[in-house]
Amino acid sequence: MSPAPPPSRGRIRPWLVVGDLVVAAMWVCAGALVKLAVYGVLGLGGRPEADAVKVALSLVYMFFFAWLEGFTGGASYNPLTVLAGALASRAGPSLYLFAAFVRMPAQVFGSILGVKLIRAALPKVGKGAPLSVGVHHGALAEGLATFMVVIVSVTLKKKAMKGFFMKTWISSIWKMTFHLLSSDITGGVMNPASAFAWAYARGDHTTFDHLLVYWLAPLQATLLGVWVVTLLTKPKKIEEEADESKTKKE
């Protein structure tokens, strides 16, 4: 997830559906190319420096996608980013329904398209990282990682930091930290669309394990993360209104 610029309040922008589809396809291709470069071209599999090189390359394309998200006005590769943005904006049910039933399916379709394209061009990229632990352990790991990333992402958005570099740096480092911590457990995906696309390639996209670990757990973690940040960060308008009413009473 990346802290994209907040959308106009209550405004539905249909053109973002195309942007979501394209960006989601590009995202899964970029991730696959980094893994192929680290473990295939450079041959660093099983070596300590593999993670360092992977993080360095991942940070480069994460900055690119953060810039692309701002350039397109909010096109995103991650359904959790769109959902968190719609919930945090308090723009009403129309924006939430547009995010949940239009933009998120477009991201899933774009991710599937991206996986098909990259596997057709480079069959050695494999089929993604499958769940390597029990379903409940995996759901807890994926949910906790998502919750921590959502907390920072939504907080950065609410704080309205002006520096693109610093905002993206904090978000990217935080995300990569939890990706590495959970990579050996669930793959550290924190992106239901990407996880579904690779599961679709493996043929296990409809299993209970996949739905619980990569969909239900991250979605619940996103809802909880937005609620916690909203609870802890009181909007300025509410504070000003409270101060005004208190002054009038006095």
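Even glycines carry a Cβ here, placed using N, Cα and C.
Note: TrEMBL annotation is automatic and uncurated.
The transmembrane segment annotation in TrEMBL covers 21-42, 62-88, 95-115, 135-156, 177-200, 212-232.
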Long-range Cβ neighbours of the transmembrane segment (21-42) (under 8 Å; 6 or more residues past either end): 50, 53-54, 57-58, 61, 65, 68-69, 72, 75-78, 106-111, 113-115, 117-118, 122, 124-126, 191, 193-194, 197-198
Positions on the same chain near the transmembrane segment (135-156), where near means CB under 8 A and six or more residues out: 1-3, 80-81, 84, 88, 167, 170-171, 174-175, 178-179, 181-182, 185-186, 188-190, 208-209, 212-214, 216-218, 220-222, 224-226, 228-230, 233
Tertiary contacts of the transmembrane segment (212-232), as residues 6+ beyond its ends and Cβ separation under 8 Å: 80, 83-84, 87-88, 131, 135, 138-140, 142-144, 146-151, 154-155, 158, 186, 189-192, 195-196, 199
